């Protein structure tokens, strides 16, 4: 039977027990961390012999054989159990162990996919562009976003307002904007290209903007919307991707160390069926509907003639508008944004593959970006360097003094736009009102004077 680090046989309890308590378990964590990085720790002759079964030793305790990746999960389990079950129950050891196993991603990526063509699927393009706008607002740059749009609604001949895509019935929020960078468009959006982006198996000639250059410290957001069914999602009305193919692609990503944690969101009919086959670790999944349910549209617009968004994505984006880069809102709050009373369908989520508790996972861990901040107590002078300025011409220096300081532009008050009431339009009589009024006047005239008085009019 396997024994934890803090458990001993009866015959060696007096010999090993005090020695184990005197050796902090954080020393083991440090050794494990260094070994995984390929670094050798300094030799320590106090390293307990009872832990020799964890590391294959040679002549000295400090010289150990480095761990293989295949045995990493086993050792992680042993160390976690040791932290919680041995006599070393001090808060300091637990905090250090928790810090060691806490997610420490260093970069964020987003893959946003719209799989539908044709004008009546306008809402799917608006869904994807709205999520694109939100992740950019929270800090993920275009260089870390792969945007795939199966159709160009902004340039569709049926669009009454060309070069625009609206996500709200007031038609005041143009999510297409001037800075949208579409990486895969039209017939480039295929199942093959999508799987190649995820797994990294793309031709060498592919430009950098079309690559998912993630690593084992990347948190990835994957959002998909379109028409689907039980276990599949349609691409371009010509092909489909199954939940098995998607699960195998995520497993390849995990084996190739292409993500640290992954958040999968899908807005389609029977969306929960797409994450049923997932089996790779560190994946959290959300869907707009359960198996057997339809995902419904939202906000019909008479001027455009179609629905502008889907219900689930609309309420998710309304929730994200209240999030800022420093927000402490967690994933449990995101699970509750669209109850059945609002979505009509039943949203679902899956967290059994995810290592961390969702209440400890911030929304910005996936929708935001890592910001490197250096804290200092020193005073930093922002005055220009006089040595450089003296070398410049005096006239240039005067011109620079006259330049007004740069100011940040005010952000678009999107939250106010979403919650505001529709504008009251000026009242105009309907087209047949004037004609009916004239007919009424003529009828009253004939009833009062009769036909014999017509000769006085004409």
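Any Cβ shown, glycine's included, is placed from N, Cα and C.
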Correct range for transmembrane segment (source TrEMBL, candidates 407-426, 427-446): 427-446
Annotated stretch (region 'Disordered', per TrEMBL) among the listed ranges 1-21, 22-42: 1-21
Between residue 227 (active site) and residue 269 (active site, nucleophile), the C-alpha gap once rounded to whole angstrom: 7
Residue 227 (active site) CB neighbourhood, other CB atoms within 10 A: 17
Tertiary neighbours of residue 269 (active site, nucleophile) (same chain, Cβ under 8 Å, six or more apart): 227, 228, 229, 289, 293, 294, 295
